[in-house]
Amino acid sequence: MAKPFIKWVGGKSQLIPEITSRLPEYIEAGQPYQYVEPFVGSAAVALHLLDSQNPPTKVILSDINTDLVNLYKVVQSHPQKLLNYLQTLQDEYDQLEDKEAKKPYYYAKREEFNLRETDAIKHAGLFMFLNRAGFNGLYRVNSKNKFNVPIGSYKQPKFVFEEVIHRCSELLQNVEILNMSFEDTIQTAQDSNKEQLPTFVYLDPPYKPLSESSSFTSYAKDSFNDEDQVKLKQACDLLDNQGYQWLLSNSDTTNLDPENRFFDELYSEYTIDRVSAGRSVNSKGSKRGKINELLIRNY
């Protein structure tokens, strides 16, 4: 199966078996369908479905993060040019002896990325470089949309994933990639579904932090707060009313506080499953443990 080419906080590779065991019946039956993902992230679920025996007939992938969307469009249209630039970055970085020598290079590339003055291919390459060389694969920006993740502790991070990028590029060929809010993405999917295909919407928003210190989720300059979580639930209600099937993943707030039943109350009329998943990002490696996450669906 195709693998994601970037690390992502809350990436869904580990949850693929749990998600695929809960797909709508028409997907399991091999019927044509439309797949929509308004928070694309690492696209683990999308890539899995695109590489399956019954890939979706029509696919819309979207994100509010302009830098991330640019990367997907470059992988879709210019995979080899991206790989060539990544090889240049790899060669230059590998020549630097240790972390102290690598620091000035990393921060210079981070500054170049934040200027956002390079062409699309170089900007995508810088994104992947920072994603692989930065601390724990985080993507985090401040209120001015400046990427602010420090250098990671990897001795020899790898930036060039030739087979993975070429395979993902093949799978993305007929995919519509958008840079929109989740509301606009859902509206676009509804407006463009002229064939009236059954539609499966997978929603993987920035997770509600389990604690103040765990809020690594500012992946866009306007952070995703509880008010946005409520707006997303309202969008799910609209999808449900229009006969679309949706599945949503989020953190289980009862992990740290059994009394905090934010999502249980918000989505009380829908099916809520608790599944075990090891979060892949934590500031202290010793604390990377198994915790529950939520899979919520309307079917």
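Including glycine, each Cβ sits where the backbone N, Cα and C put it.
In TrEMBL this protein carries:
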BINDING   Trp8, Lys12, Asp63, Asp204  S-adenosyl-L-methionine binding site
(request) Compute all pairwise C-alpha distances among Trp8, Lys12, Asp63, Asp204, the residues listed as binding S-adenosyl-L-methionine, and give the largest one in whole angstrom. (result) 16
(message) Restricting to the chain of Lys12 (S-adenosyl-L-methionine binding site) and a gap of 6 or more, list residues whose Cβ falls under 8 Å of its Cβ, or answer none.
(response) Ile19, Gly41, Ser42, Ala44, Val45, Asp204, Ser249
(request) Give the sequence-ordered set of same-chain residues, not counting Trp8, Lys12, Asp63, Asp204, with Cβ within 8 Å of the centre of the Cβ atoms defining the S-adenosyl-L-methionine site. (result) Gly10, Gly11, Glu37, Phe39, Val40, Gly41, Ser42, Ala43, Ala44, Val45
